[in-house]
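> First the structure, then my questions, so here it is.
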């Protein structure tokens with residue numbers, strides 16, 4: 001019995017590593033995009049307003065496709081992740097070969113569209129694998145993605161400086177090949193025992209759609225969906241990761257070394273933050289830690305943009321942004337999972353990410369237009385406001401002690 005338990009633990013750890021590495025590849029693409037954008041804008045003679053609109057279109061398309069999690073409830077995670085990573089590799093190659101801004105953004109559109117399974121499928125898969133430590137496990141999933149984010153400032157600035165931004169996307173293509181191989185070879189397929197024990201209602205189709213409608217009508221669930229749509233304006237991936245490099249490079253005119261140091265520290269905060277906050281949430285209160293994270297995240301964004309060119313202040317507040325902006329998603333996902341009944345994991349997370357990120361993707365364009373019209377300072381103030389508004393929504397709509405589900 002003991003040997004069987006240890007074997008199951010090893011398999012769960014392997015699954016977490018493989019799903020996490022796939023997540024790292026997706027984040028590496030978006031973070032590399034943010035670092036390359038100032039150079040791409042110069043190369044293709046465009047502006048932040050245009051880039052923001054095109055990025056928003058790609059993000060909306062990719063986010064909307066997450067509704068497919070409601071349809072492919074029986075499709076193996078391995079197949080979905082393999083297709084995802086192949087598509088992401090193609091997107092990186094398209095960006096590297098792009099002759100103009102529209103083809104370049106088409107690469108992002110391909111990657112965004114292909115990457116839809118990562119959050120709903122990966123989140124439900126891991127939540128079922130680790131039912132008693134969902135907060136910590138989902139935080140590790142986010143942290144794995146943020147490790148990919150951290151790789152971008154460690155590698156891409158020097159590659160861009162030496163060989164140009166196209167070489168950076170060829171490097172990214174090679175990285176995504178490794179994520180494709182990892183999920184295709186090592187991720188178990190299908191879900192095996194997990195499906196029969198945790199998603200039986202999905203398989204049998206017993207009142208699935210009526211249960212889903214009833215779930216969405218619940219005040220806490222609806223409030224968390226709305227909060228996610230609002231807080232997307234200050235999230236790490238897609239907003240902070242895209243516009244912070246531009247602020248440091250275009251507005252503050254920092255040197256490449258200073259920019260690399262600040263971004264590396266910010267992304268280091270993004271790596272450790274979700275682990276620390278997720279562990280704290282499991283020990284204390286999922287809801288309470290999420291609300292606190294919103295307040296501290298808003299404060300960090302404001303202090304960062306009002307620090308001027310002081311490298312020490314930018315570095316310290318950059319770490320804080322990394323911790324709180326990049327922890328928001330996993331913390332809110334953990335609170336959301338507290339309200340999911342057995343058998344609704346993948347579908348529930350599909351609704352969670354489709355609603356939050358499809359509407360939230362509009363923030364990419366809104367922030368881009370704000371940068372073009374009012375400057376980066378106004379944009380960061382707006383990011384902070386979104387976090388404060390989301391905190392109020394969660395306070396209003398959720399309970400202090402929800403009835404926590406247990407899939408074990």
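From the backbone N, Cα and C atoms, a Cβ is placed for every residue, glycine too.
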> Looking at 114-137, 138-161, which one is transmembrane segment according to TrEMBL?
138-161
> For the transmembrane segment (48-72), which recorded stretch in the set 221-244, 256-276, 288-305, 349-372, 378-398 gives the largest number of Cβ pairs separated by under 8 Å?
349-372
> In this predicted model, what is the average pLDDT of the domain 'Major facilitator superfamily (MFS) profile' (1-402)?
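Reported value for the domain 'Major facilitator superfamily (MFS) profile' (1-402) is a mean pLDDT of 86.
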> With a cut-off of 8 Å between Cβ atoms, can you find at least three pairs linking the transmembrane segment (311-329) to the transmembrane segment (349-372)? Only pairs 6 or more residues apart in sequence count.
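They do not touch: fewer than three Cβ pairs between the two stretches lie under 8 Å.
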